[in-house]
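Q: Got a structure here, written out as structure tokens. Questions coming.
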Ligand code: GDP
């Protein structure tokens, strides 16, 4: 492929499984010399004579020294992940063995791979497009069912196919318009303007929906931040514990978050909810509300995507609640109202008391009553934007920004068509769309951008 950069003929090696002790560890090589390097270390068989997609058991030796008994998987390019010759060595899971095997490969002519270099080669060899390559990184990082599903869909090319179709249609129009320009003296129109308008209008709607899906996509990937607020003794820490007991998520790291603001993560129906400032709840620092007023406390929580305002149904006065709601609305905070301790009264009278306030969820944090209703409403809040028909969800900020540009360019085309601007100007706007669409799928790209994208991968991928 013409994109192939200089310095890409060498053979790279890296550990493909997580570092540390495991049952097995997989070391991967890719490049022209992958097979010959391992053949030199594998006395029991001539690997150069073996067919692609075969596996071989034997000792890996550096001279007389046995490194390990291993399983070698052999893939010949272009039928491999990277499109080059690929060898995967499954060895025993000791970091010492891994290091020895990698060092020996380097000694015999391989080079340690940079982060994401295997996937970068797959992209450069045309095995994946850019959105698919990026989805590989997302898939590895996915920690809920929902994020796993979107990443898998992107790897299969769902997102890029939609964009490619659009791009192809636009290219056709663009070619026809440019043909018109060649015949400009004769005042002909090859391009049916009303069909172009229809296409572009549909495309604008589609990109609009994709852009909307970014919010959801982002949520699926990074989680929704939630703050539980309320007066002292409302039951905040009881609620926190009740939620955590049922749905605590085990997550290693969520991009863009720091440990000191995020303490706990819930996984509800595949959506991650990050409970922020839980230290504050545990230390009762919410007593702040009484001294400096709810406004201050809310400002502190403005960074939350969703606020749960928790109150004790026995203590709270309906008038106070209304004031709090006004405050929340003024601050443009997305909130759920949660009336707690309904186990102490009968639920009916609690509902009566707050009958002028719609949307209150009545629960008992202590007994767990109606907690599932609260969780359902939390999930509903995430999905409130109507993107349910969009099977493709944008999760990547780079794609989102390019889509914004596409959207703006499509707007210009539509405006141009309405104003009957000449073909050459129309053509400029269409090209701008094509440029940004191409940037998303990687048909148009530059080296810096590529380096940046792949540098975010882990080594060995
Ligand atoms: P916080 O100050 O808002 O964190 O409130 P806590 O969670 O510490 O709860 C204050 C008191 O209310 C504790 O004695 C809890 O056991 C009690 N409590 C919390 N939730 C409930 C509930 O749903 N029902 C009852 N009966 N008591 C509750």
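Placed from the backbone N, Cα and C atoms, the Cβ positions cover glycine too.
The following feature annotations were taken from TrEMBL:
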BINDING   28, 88, 127, 461  (6S)-5-formyl-5,6,7,8-tetrahydrofolate binding site
DOMAIN    223-383  domain 'TrmE-type G'
BINDING   233, 252, 254, 257  K(+) binding site
BINDING   233-238, 252-258, 277-280  GTP binding site
BINDING   237, 258  Mg(2+) binding site
Q: For ligand 1, pick out the binding-site residues 28, 88, 127, 233, 236, 237 that have a CB under 6 angstroms away from one of its atoms.
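A: Those binding-site residues that pass the cut-off, since their Cβ is under 6 Å from ligand 1, are 233, 236, 237.
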Q: Do you know which of the binding-site residues 28, 127, 236 has the most other C-beta atoms within 10 angstroms of its C-beta?
A: 236
Q: If you skip the near sequence neighbours and keep only those at least six away, which residues in the chain come within under 8 angstroms of residue 88 ((6S)-5-formyl-5,6,7,8-tetrahydrofolate binding site), Cβ to Cβ?
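A: Expected: 16, 26, 27, 28, 29, 72, 73, 75.
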Q: Far apart in sequence but close in space: which same-chain residues, 6 or more away, have a Cβ under 8 Å from residue 233 (K(+) binding site)?
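A: When sequence neighbours closer than 6 are ignored, residue 233 (K(+) binding site) has 312, 315 within Cβ distance under 8 Å.
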Q: Have a look around residue 237 (Mg(2+) binding site) and count the other CB atoms within 10 A of its CB, chains all included.
A: 17
Q: Mean pLDDT for the domain 'TrmE-type G' (223-383), rounded to an integer?
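A: Result for the domain 'TrmE-type G' (223-383): average pLDDT 80.
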Q: Please report how many Å separate the Cα atom of residue 237 (Mg(2+) binding site) from that of residue 127 ((6S)-5-formyl-5,6,7,8-tetrahydrofolate binding site), as a whole number.
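A: A Cα-Cα distance of 51 Å.
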Q: Could you give the Cα-Cα distance between residue 127 ((6S)-5-formyl-5,6,7,8-tetrahydrofolate binding site) and residue 236 (GTP binding site), in whole Å?
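A: So the Cα of residue 236 (GTP binding site) lies 51 Å away from that of residue 127 ((6S)-5-formyl-5,6,7,8-tetrahydrofolate binding site).
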